[in-house]
Amino acid sequence: MLNTLSLKSILISGAVALTIAGQAHAYEPARSAECIAPANPGGGWDFTCRSVGRVLVDQGYFKGNVQTVNMTGAGGGVAYAHTISKRDKDDNLIVAASTATTTRLAQGQFPGMDSKQVKWIGTLGADYGIIAVGKDSKYTNLTQLLDALKSDPTSVKFAGGSASGGWDHLKVLMTAQKANVGDLPKVRYLAFSGGSEALVQVVGGHVDAFTGDISEVKGFMDSGDLRVLAVLSEERLPEPFAAIPTAMEQGVDSVAPNWRGFYMPGNSSAESYDWWVKTMDELYKTEEWKDIMVKNGVMPFHKSGEEFTQFVNNQILDIQILSKDIGLIK
Amino acid sequence: MDTMSLLMQGFAIALTPESIMFAIIGAILGTLIGALPGLGPANGVAILIPLAFSLGLSATSSLILLTSVYAGAMYGGRISSILLNIPGDEPAMMTCLDGYPMAVKGKAAEALAISAIASFIGSFIATIGLVILAPILAKFALRFGPSEYFALFALAFATLGGITGKNQFKTLMAAAIGLMIATVGIDISTGVQRFTFGTLELFEGVDFIIAIVGLFAISELLFFLERHAGDGLKQVAVNKLKLTAKDIIEVLPASFRGAVLGFVAGVLPGAGASLGSFMSYTLEKRFSDKGEFGKGDPRGVAAPEAGNNGAASGALVPMLTLGVPGSGTTAVLLAMLISLNISPGPMLFQQNPDLVWGVIAAMFVGNFVLLLLNIPMVGIFVKLLSIPPKYLMPIVTLIASVGIYSVSHSALDLYFMVGFGVLGYILRKVDIPLVPIILGMLLGPEMESSLRHALVLSDGDWTVLFNSGLSIGLWTVALLGLILPIIVGPLVRAKMARAKAAKKDD
């Protein structure tokens, strides 16, 4: 009697211990999660948070909701600092990021912070870079434009929607560098406060060429006012962009995806990180997400976990080297 | 016609239950804000921007809400003009001249109804004008290169004070304050930080929404505190409405003329709604040989009301097509658009046709809502006028704070808001206008980059600024805009003062 009782208690306590151990291994997401969009409503990061949040809830990953919190400032720097200093152990927080985040990290524009202080979860798509000219331009392909730059780096002036040294500027420089254009600092770049303002200047014939993302140019491409010389992707994009040649086809090995993805706090548990990585992998394959991508012009581009972290670090390194080459940073 | 089909698509958006709801809410709040003396349309829109943010509205809904508030405030301004002889906002000043005498004669209800109809006609005609003119101007805007834009911004600053402006020096000073604030942040042309002092929150500069809410809403609160304005205001009683078809037909020509004049005044930079209503009134007075202007002539109520509502819609044309606001309220709306990541200008019509045409269609819908609100239901607003501000102002403060915090989740922004409130209070005490500060902050960075772009494109040759007919034309108008008020301003102001004084003598 006594024996059976103790045996029972041992079994029970063992079972309890097992469950506790089991819980420690398999991270259970909370009822709700939070997604910080480091910009105002309406922009790319806001879109990333809201659309992914909706799919996460629709697909039953969260019973409650995934709340989008807009935290503007310093091109994502405020949200980055907030994540590191105040939310470092939060398992239920993700933050939207893109190439703009890595560019600023690379150029030291988040003072005192680096990419190792957060965990990079993955990307769910990308917007590919393009180089375009107005319909009356004398350039009909990328080679002609790059040849003009080779003979005189100031001969073609570019307009883009990011600040000097930002992603739109870097895309031009990366492409020019791959094509062996000398004297990169002399390449003229006009920074506008948005892609659309830059585009109007090119279509209006005031600036020679436009550097931006494929999602920005559809309207003027359809109206025939804009000639896209090259898309900076590995392969041609799906319809309606399939007619645009890649830079690689034209002999320039330049690929510039502006990825959309997430990072999470640096000291969140390893289990929660694994869960988020796995969840993003699954989410990327859902019909709902594919549908969102098509509707919003987001192109296929998926990396996650270790591979993504490696990609982010490489991109930062590449941008640092390029920025030093052209004298943007010391 | 292309425009027609786009407008029809706009109606598809404007007639969804959600849009209609926001148009109604905006119309009610706008009329109320306009009716309260002291709170003009710019303040009204500024106070409600945080509301749009805290509700997390979409860009289209926010804009429908705020343009309805704008239109509503233009309608509402007349209520206190007629009943209290205090203009609810500056453009409604001319409505006092004949509106209040009508009310004294026991015709307050008729005055309110006639002015509502005139407001409706003014808005309606001007919105049609907007539909016709905006796409044309949007196409034309492609001709604007950096040097033309620079001249256009210079023009916007030169005409800031407007023809009726009192003190050009103070206006320019205010604009300079705005330009100074605008230099804070990362300079996009070089990537260099300016005046950020290593503070992350300042890297992107000072948010103009915060400045607007602080300068307009919080300073208004401080003024209320100072005046101890706890009680409602005394007013003329409203009689039962006896309006015949003949009465309406009599004021129709005056309303149409006022609407067209107002629209033109609204489109032109620097003119604005005050001048629109002033010109409509004076023209009407001169046009009709006999009449009892100044003593309660219905046409004297209809013309300026049609004029100021027409100007309100007209002012949206340069804001939407060129990204250069023609008035204080459109400057506030422009700030809202930019905060929503929508860049106005020619691209707006290309990239966000749903938004533009949805909002324009919503203006038609809102106008009908406002007509309904302002004729059968005007009594409610009259009652609301007697709500003591001591209940209203705390609500304003609450909305402003919650809204600002929900944008960035940063307490620093709240300190900035209060700081701007105090600044606004001090500046208003010394009669420095606030709108030029907002315009300086909004247009400053654009103006700077236009200049730099022009110079990069010309490889440093300054003559590029004057090398097209368009830019020379713009510079000429800018120069006129700066000089004319000094010469013509005193004359116009004297005329306005005489009109006012003449009425007081009665």
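Quick reminder: no glycine exception, Cβ is built from N, Cα and C everywhere.
Where the annotation comes from TrEMBL, it is an automatic prediction and has not been curated.
Quick look at what TrEMBL annotates:
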DOMAIN    B:20-439  domain 'DUF112'
TRANSMEM  B:20-39  transmembrane segment
TRANSMEM  B:45-71  transmembrane segment
TRANSMEM  B:111-137  transmembrane segment
TRANSMEM  B:149-165  transmembrane segment
TRANSMEM  B:172-193  transmembrane segment
TRANSMEM  B:205-225  transmembrane segment
TRANSMEM  B:259-281  transmembrane segment
TRANSMEM  B:322-343  transmembrane segment
TRANSMEM  B:355-385  transmembrane segment
TRANSMEM  B:391-407  transmembrane segment
TRANSMEM  B:414-444  transmembrane segment
TRANSMEM  B:464-488  transmembrane segment
Quiz item: Which listed range (B:172-193, B:322-343, B:414-444) shows the maximal number of Cβ pairs under 8 Å with respect to the transmembrane segment (B:45-71)?
Solution: B:322-343
Quiz item: With pairs closer than 6 in sequence left out, are the transmembrane segment (B:464-488) and the transmembrane segment (B:322-343) joined by 3 or more CB pairs under 8 Å?
Solution: no
Quiz item: Is it true that the transmembrane segment (B:20-39) and the transmembrane segment (B:172-193) have 3 or more Cβ pairs under 8 Å, skipping pairs fewer than 6 apart in sequence?
Solution: no
Exercise. Please give the sequence-distant neighbours of the transmembrane segment (B:355-385): residues at least 6 beyond its ends with Cβ less than 8 Å from one of its Cβ atoms.
Key: 6-7, 9-11, 13-15, 19-20, 22-24, 26-28, 31-32, 35-36, 59-60, 63-64, 67-68, 71-72, 75-76, 79-80, 83-84, 109, 112-113, 116-117, 119-120, 123-124, 127, 130-131, 134, 232-233, 235, 238, 313, 320, 342, 348-349
Quiz item: Can at least 3 Cβ pairs under 8 A be found between the transmembrane segment (B:391-407) and the transmembrane segment (B:172-193), with each pair 6 or more apart in sequence?
Solution: no
Exercise. For the transmembrane segment (B:172-193), name the stretch out of B:111-137, B:205-225, B:259-281, B:414-444 with the most CB-CB pairs under 8 Å.
Key: B:414-444
Quiz prompt | Dominant neighbour of the transmembrane segment (B:111-137) in B:205-225, B:259-281, B:414-444, by Cβ pairs under 8 Å | solution = B:259-281
Quiz prompt | Predicted model, mean pLDDT over the domain 'DUF112' (B:20-439) | solution = 81
